[in-house]
Amino acid sequence: MRNLLPFFTRIPVKGDFERVRNELWALPLLAPLTSALATLVLYLELPLSNVLAILALYFTTGLLHLDGLADWADGVMVKGDRERKIKAMKDLNTGIAGVFAVVMVFLLQVYSLPLLPFYALYLAELNSKFAMLLALATRKPLGQGLGAYFMEGMNGRQLTLGTALYLLLLLPVAYIEPRSISSLLGLLAGAYVIRLSLRNFGGLNGDCIGAVAEITRAGALLGMAVVWVYFGG
């Protein structure tokens, strides 16, 4: 798992670039690490803890996936053929669609957290990391970037191990609080992002995978918030 840290977090450790694509199965294991600081903020109930928790999360994960979300949204929303959409996604300038997507994801997370228990971000991050694994498992790369490199290492064994690990980390929480299962709604959002990416671009690159991660997390928090509000104990 150590080799994943430099590529998916800001945690200052060295990783082996040659080995990382063979350890993608461990992506769900990153969730306890990436959500730890944010979960602590929520547990301590600090003033503006919902905002501080999201800032703590991005302090840990970095903004690379959020940047990918902006690029992805620009590409999806532009009118035209596939070539034009890919060109818009790769444009260094962020358009209004990208700005809107980033703001909406940020606000959905910030305003969902006050309605949820302190461990909600852990569940959202767990689903986010698993959704990234599912995106890589499509093995339909767009271009020859880092996403394509990771996809080359994906296989059935890694997906099976990753799924087992995901369930191992999810089910104990769901046993204690059954409503935690509602976090899986985030996976539906992530699956829709994968579908949109394949339809608009014909494959997935790092920007698409970043969008999957961000939208899955926001979708998980939103889904849980709805369930907690309407099915609260």
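Just so you know, glycine gets a Cβ as well, placed from its N, Cα and C.
These features come from Swiss-Prot:
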- 24-44: transmembrane segment (TRANSMEM)
- 46-66: transmembrane segment (TRANSMEM)
- 96-116: transmembrane segment (TRANSMEM)
- 117-137: transmembrane segment (TRANSMEM)
- 158-178: transmembrane segment (TRANSMEM)
- 181-198: transmembrane segment (TRANSMEM)
- 209-229: transmembrane segment (TRANSMEM)
Contact call for the transmembrane segment (24-44) and the transmembrane segment (117-137): at least 3 Cβ pairs under 8 Å, seq gap 6+: yes
Folded-back contacts onto the transmembrane segment (209-229), same chain, C-beta under 8 angstroms, at least six residues removed: 64-69, 71-73, 101, 104-105, 108-109, 112-113, 115-117, 120-121, 123-125, 127-129, 131-132, 134-136, 147, 179-180, 182-190, 192-194, 197
Best-contacting stretch, by C-beta pairs under 8 Å, relative to the transmembrane segment (46-66) and drawn from 96-116, 117-137, 158-178, 181-198: 96-116
Contact set, same chain, for the transmembrane segment (158-178): CB under 8 Å, 6 or more residues outside the stretch: 22, 24-29, 31-32, 117, 119, 122-123, 126, 129-130, 133-134, 137
